[in-house]
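Colleague: Shown below is the structure under consideration.
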């Protein structure tokens, strides 16, 4: 868990889209063809040519032109291309089998080449993986092509590995997964049409005035298309790749077995419990009805919030594998670096305020730290929140103890950090002193913003490097897995801290947390829990 947290603070948090507009982070697409009036036989099926029955062709054209004037047109990555998604488990297994054979042959060819006169072994990388014959350029391309073809859980893991630090993964392997993170292919029109018909019915065109044929975003689970409802509402329609929901467990097992065998992933990177948690989270993300319900929950929770807004769900375009939402504008957080210091400070303060509200007030958090899920609109000075597939609840038995761990760190009380970590079941109490000291130090480092009496300079700290130095001890000497809630929670908190660091925020966090702390226990109508004896 600390490995993931430290690495998150060193890298970007998932695929960063350019003006992404729907809960589906990823690369963005080429200029699309519209399914609309008089454009094709499909377009004609949604054309409303009778008075009062919908938008005319001119209406749609004017709406589209108005939209283009508001914001730059998103585009898919140059590496993205149309490619069929293997939908059956057999076809997906065949893809992994082909990759295994290809990696083996590629490694053999690499060894042979280096064994010839004039050949030499590579020595790059600090993790001991740099000299692996499996990490040739040809094999790198095989891995990228396979993951971008199968997509789903396998691509999701590849994107997760892209944010790991090269203290644990060789620079070559890191570059491979960085290419995976930036390159997501989209399914062909016929396959997308099949999903739409299976989910919305053969008459699905009657629900929209137009829908773009090529997506503006493509990621690990699905792709996103821009559309227009008959009342003129612009929408973004997320369509899930076929077969990904049914292949989560097999994809995870096949990919990790292959990578451990060929390139030697670090021991402890994906422990058994973290794998189970990952599979559960992926299953949640594949259930678009659940995501729609979570989005509606957040829309209600934040209805009166002056800074954050949540787009409305389009119920008639919502099924298990299709999700329609109101189209939102704005720029991802990473593109806010050019704004004034004051605006950046306000954005980051509000982001931390949201994290604390989610965990300690709502006890319900959207845990995906992808910056493209937070779109800042300068005209309204608001942030639109997107992608609620990874939302989850937290019980009071967890938050009661977790808030005390943070409070102890904010107060600089190392002994209480250790004790409350045991109460939280983060520790057993029988760990080595080296492990206990490393754990407490990591918590104290993360608590520094809440301990500072004045504005904390997120851009000047070395939080990531300091935590990264503790991770080897934390991996080697852990006696029990951390609470399962912390995997997703710490990814989200790390993403928030990283955003503050990237935007060089200077904000006073101590009063923000202290106010949250007192409000929390007031709402619980009880006193803070004493440390267990």
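Glycine too: its Cβ is placed from the backbone N, Cα and C atoms.
So Swiss-Prot says this about it:
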| type | residues | note |
| --- | --- | --- |
| ACT_SITE | 368 | active site, proton acceptor |
| BINDING | 220, 238, 325, 326, 327, 328, 373, 387 | ATP binding site |
| DOMAIN | 192-424 | domain 'Protein kinase' |
| MOTIF | 156-159 | motif 'KxGQ motif' |
| MOTIF | 217-220 | motif 'AAAS motif' |
| TRANSMEM | 93-109 | transmembrane segment |
Colleague: Which three-state DSSP class does residue 238 (ATP binding site) fall into?
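Modeller: The three-state answer is strand.
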Colleague: Tell me, roughly as an integer, the mean pLDDT over the motif 'AAAS motif' (217-220).
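Modeller: When the pLDDT values over the motif 'AAAS motif' (217-220) are averaged, the result is 79.
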Colleague: Taking 326, 368, 387 as the recorded positions to compare, which has the smallest set of other Cβ atoms within 10 Å?
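Modeller: Fewest other Cβ atoms within 10 Å, among the recorded positions 326, 368, 387, is found for 326.
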Colleague: Tell me the Cβ neighbour count for residue 373 (ATP binding site), meaning other Cβ atoms within 10 Å of its Cβ, over all protein chains shown.
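Modeller: I count 26 other Cβ atoms within 10 Å of it.
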Colleague: Counting by DSSP, what is the helix, strand and coil composition of the motif 'AAAS motif' (217-220)?
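Modeller: Helix/strand/coil tally for the motif 'AAAS motif' (217-220): 0 helix, 2 strand, 2 coil.
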Colleague: Fill in the CA-CA distance, residue 238 (ATP binding site) to the residue listed as 'active site, proton acceptor', as an integer in Å.
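Modeller: With distance taken Cα to Cα, the residue listed as 'active site, proton acceptor' is 17 Å from residue 238 (ATP binding site).
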Colleague: Can you tell me how far the Cα of residue 327 (ATP binding site) sits from the Cα of residue 368 (active site, proton acceptor), in Å?
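Modeller: Residue 368 (active site, proton acceptor) has its Cα 19 Å from the Cα of residue 327 (ATP binding site).
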Colleague: Let's check the environment of residue 325 (ATP binding site): how many other CB atoms sit within 10 Å of its CB?
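Modeller: Excluding its own Cβ, residue 325 (ATP binding site) sees 26 Cβ atoms within 10 Å.
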Colleague: In whole Å, note down how far the CA of residue 368 (active site, proton acceptor) lies from the CA of residue 220 (ATP binding site).
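Modeller: Between the alpha carbons of residue 220 (ATP binding site) and residue 368 (active site, proton acceptor) there are 13 Å.
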Colleague: Distance check, please: Cα of residue 328 (ATP binding site) against Cα of the residue listed as 'active site, proton acceptor', rounded to an integer number of angstrom.
Modeller: 18
Colleague: Near the Cβ of residue 328 (ATP binding site), how many other Cβ atoms are there if near means within 10 Å?
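Modeller: Summing over all protein chains shown, residue 328 (ATP binding site) has 21 other Cβ atoms within 10 Å.
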Colleague: Other than its own, how many Cβ atoms are within 10 Å of the Cβ belonging to residue 220 (ATP binding site)?
Modeller: 29
Colleague: How big is the ATP site in terms of the longest C-alpha to C-alpha distance among 220, 238, 325, 326, 327, 328, 373, 387, in angstrom?
Modeller: 22
Colleague: Of all the binding-site residues given, 238, 327, which residue's CB has the most CB neighbours within 10 A?
Modeller: 238
